[in-house]
Amino acid sequence: MAGNKQVSVRLPLLVLAAIALALQLSGLLERADHRLGDWLLARHAASRLPPDDIVVIGIDQRSLELMLEEAGSWPWPRAIHGELLEGLAPFEPKAIAFDLMFNEADVFGGESDAYFKDVVAAQDNLFMPSALMDSGNLAPLSRLPPSFGAVRGPGADPDAAATLLVPLVLDETSWRGGLINFEADDDGTGRHYRLWKEIGGWRLGWMAPNVAAFTGATLPDQETLRLHWFGQAPKTISFVDLFHDLGQREPRIAPTLRGKILLIAPTAPSLFDLRPTPVATGTPGVHILTTAIANLRAGDWLRDLPSRWPLALLLSAAVVVAFRRRASPVRTGLGLGLASALLVLAAWALFRANLYAPVGAALLLGWVAFAVFTVEGQRRERREREATVGLFGRFLDPRVVKGLVESGELDRERRPEAREITILFSDIRGFTTLSETRSPEQVVDLLNRYFTRQVEVIYRHGGTLDKFIGDAVMAFWNAPTESPDHARRAVNAALDMLEALDEFKRELAGRDEGLGDFDIGIGLHTGPAVVGFLGSDSRMEYTAIGDTVNLGSRIEGTTKGVARVLVSNSTRDACAGSAELRFTHRGQFKVKGREQPVDLYEPERADDAS
């Protein structure tokens, strides 16, 4: 059937491929994945609580203000940090990591640095930050102390070097820690945490994996991981509160830190950098460090699913199939909308399984495919409508064809079908005389003017013009559009055709173009016929075939000398409910192709009969 007819998708597929390539090269596909993934992850993160065994010791604004007398303005003397570490040691925290650089000498003098250095050297659970710089003096990696943790791989370059900020104020044996460089994706948002970076065959580790490994975590063998964020800030204790608590005879805060991982970091707005992440436009660096350590210890970082292109192809293929099957854009759009919602829900649900499925690009391409194929479908439908209007306009009133096509009542793909019709044949009487007294050009002109009037009558009564057969006209009713009163319409059309001819003859007589004995005979019959497009691939005609058509032609041939219009018994019966028509029986006639004679009737309007 036409509704299932498949159509070519070559052109829209080429357009879709070009758009997909442009989106890929422009980075919009990746941006779509990021935007939707961030939005979903931020909402999922709201249900996740940070672990209570990682505690931030925050150097907040309150600490800066309350420690002015003891420590002065920021930066504080290193001795302050030394006192804190020394006071915490008896309470045995599992690990203490600083998110503060100690690469320069203390401005308060060497004694402060010396005290801090001695305290650090006496403890084996401390982690000091380093940073990898883009420029500056290069230091050979082979000369880094073992405490730094650089791993020399097979075939490592002995001359490999990098620019590093290291805790120079400490003994080299206390350089345990790791790099704290923040790395963002191309759009500036930090979604991943680097575990290590290889330079010339040397592997330099970041702080989070080193702290996690020290506390018993098994590290994955991968360079980066996608962070699984928390919806709340980690547990935070103000530096000044802990510092003063340690000075008490019976500390209350410090005992709660036994076995915990402590991260000492600035949290005052004036001291730390805010980093854009999926959960906030400004996330403190220590929160990123907390998340990375927690993910590594729990093993619940997000694993990427390579779903962009498979999902994009799946959605696009679904749109293509719908287009080929001529599904309506509304139904296709609703289906795609449902699929999109399910994909979004699936991506959100996968977070609980520690899986990250990028679906933004797939959805974007799916909807781009929908737009491309919708536009192509509309273009195709407009082209087909125009072709259908042009085609049916040859047989039906062009003034009504467009509306019928728009409403779906006309379909050029409709197969031939059997239905009851009323067939009309009209033939000219006296054509030979007409031809003998006029030139061929004049004859053609007169016939064209005559046919124009007669076709107008057929159209006015809802008939379908089948064809011109020489000087004869063939038309029928009740196809392609249904007309329950098709017989009545056809009979009225025949009577009006007589009136149109008489008026035409009067006009010509007034111009000295008299038609003499020019007249017509019209025969009508109602019955079953096969109606539809018939012909070859190169030429198709909308026509009717069958015994009903043959009998209609025979009836028209019987009109000469009997009546200008004759109809069969079946046509008369089909008009039985019409009060405007009267039928006079003109006898039984033997017609070619029929063994039994046929009853024929002459129709006239009731008002004319009276």
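Backbone N, Cα and C define each Cβ position, glycine as well.
Because the structure is a prediction, the values reported are computed rather than measured.
Feature annotation (TrEMBL): of 10-29, 330-349, the stretch labelled transmembrane segment is 330-349. Note on the domain 'Guanylate cyclase' (422-556): DSSP counts are 62 helix, 43 strand, 30 coil.
With a cut-off of 8 Å between Cβ atoms, the residues of this chain six or more beyond the transmembrane segment (307-323) that come close are 7, 9, 12-13, 16, 20, 29, 33, 331-332, 335-336, 339-340, 343, 357-359, 361-363, 365-366, 369-370, 373, 376-377. The list of residues near the transmembrane segment (355-375) in space but at least 6 beyond its ends in sequence, with Cβ under 8 angstroms from a Cβ of it, reads 9, 12, 15-16, 19-20, 23, 28-37, 41, 226, 302-305, 307-309, 311-312, 314-316, 318-320, 322-323, 329, 332-333, 336, 339-340, 343-344, 346-347. Note on the domain 'Guanylate cyclase' (422-556): mean pLDDT across this stretch is 88.
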